[in-house]
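Participant: Here it is, the structure, as structure tokens.
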């Protein structure tokens, strides 16, 4: 039996998935194919390296950050069902079509520090219902529970999409010959227990005590109260780390730290934490800041940052109990 295409899969889905939403998701997928092609060319097209400027986050932009952002903006701002866009790379939102039913938020190229060393990167997206005929900045201020779809595209040895429309999580793999996303896994589930964790251990001295205690227990392994050994994984790309968790379980932590105490966290709520939390929860996992469920946070600004602890439910609950 042949694999369903992404478009065929969307036609069969129920619940939040309207024909208009399916069209928006199809457009995102098509644009990610274009991003994938640009990544494949890499140095041959002269598009590696820095673009020579910073984004709104104060981060140095890579050329492919800018290219990927432009591809998504250009494709979605003319889409008849998109009322507005917000990108991690831009200061303000981008108005789109009057009476567009949906708002799209995205990180065009997560993990872009990996580009020049040819390691995995990804695109993350979140879709919210539009509130007004003409989109205003305040319309984006919706909790993650209001998302009607979320997903990412992982550009790795194969190019894959993870997608949820509120009815579980599915994986699609891009056929390099036909350039079609084909359904390869349905009903993705995150195991409740794990022996893998992902954290940037170089920040250990800046962590709060609950996170220090939790990681110390994992590192002590069998000699600690955990009575089993753990392995650490870190690929400097949230898409890569979350994809591993969806495939075989695990916990990912980017906690609050005192390195820059004015920042509530490092990752962006609207572009990273919310869509990834929806995916993980739809697959049976859990997501928190350590103190509150991420999807219940009421945002106050487009580029709001939060701590993120996400993955296998029992581990997330354990580290939360230490806070």
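In case you wondered, yes, glycine gets a Cβ from its N, Cα and C as well.
Remember, it's a predicted structure, so these values are computed and weren't measured experimentally.
According to Swiss-Prot, the feature Mg(2+) 1 binding site maps to 88, 107, 109. Per Swiss-Prot, Mg(2+) 2 binding site is recorded for 107, 110, 272, and the stated evidence type is sequence analysis. According to Swiss-Prot, the feature substrate binding site maps to 110, 111, 112, 113, 200, an assignment based on sequence analysis.
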Participant: Residue 113 (substrate binding site) has how many other Cβ neighbours within 10 Å of its own Cβ?
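Facilitator: Its Cβ has 13 other Cβ atoms within 10 Å.
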Participant: Which three-state DSSP class does residue 272 (Mg(2+) 2 binding site) fall into?
Facilitator: helix
Participant: Determine which residues of the same chain, besides 107, 110, 272, have their CB within 8 A of the center of the CB atoms at the recorded Mg(2+) 2 site, and list them by sequence.
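Facilitator: Other same-chain residues with Cβ inside the cutoff are 88, 106, 111, 122, 123, 124, 152, 238, 239, 267, 268, 271.
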Participant: Quick check: with 88, 107, 109 left out, which same-chain residues have Cβ atoms within 8 Å of the centroid of the Mg(2+) 1 site Cβ atoms?
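Facilitator: Not counting the recorded site residues, we get 65, 68, 69, 87, 89, 106, 108, 110, 112, 123, 124, 271, 272.
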Participant: For residue 112 (substrate binding site), name the DSSP secondary structure in the helix/strand/coil scheme.
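Facilitator: Its secondary structure by DSSP: helix.
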Participant: Between the Cα atoms of residue 111 (substrate binding site) and residue 272 (Mg(2+) 2 binding site), find the distance and write it as a whole number of Å.
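Facilitator: Computed Cα spacing between residue 111 (substrate binding site) and residue 272 (Mg(2+) 2 binding site) is 11 Å.
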Participant: Are there residues of the same chain, six or more positions away from residue 109 (Mg(2+) 1 binding site), whose CB falls under 8 angstroms from its CB, and which are they?
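Facilitator: The list for residue 109 (Mg(2+) 1 binding site) reads 35, 62, 64, 65, 68, 69, 115, 121, 122, 123, given in order along the sequence.
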Participant: Would you identify which of the binding-site residues 88, 107 has the most other C-beta atoms lying within 10 angstroms of its C-beta?
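Facilitator: When each Cβ's neighbours within 10 Å are tallied, 107 tops the list.
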Participant: Here are the binding-site residues: 110, 272. Which has the lowest count of other Cβ atoms within 10 Å?
Facilitator: 272
Participant: Using a 10 Å radius around each Cβ and all protein chains in view, which of these binding-site residues has the most neighbours: 112, 200?
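Facilitator: Highest number of other Cβ atoms within 10 Å: 112.
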Participant: List which of the binding-site residues 88, 107, 113, 200 have their Cα within 10 Å of the Cα of residue 272 (Mg(2+) 2 binding site), in sequence order.
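Facilitator: Candidates kept after distance check: 88, 107.
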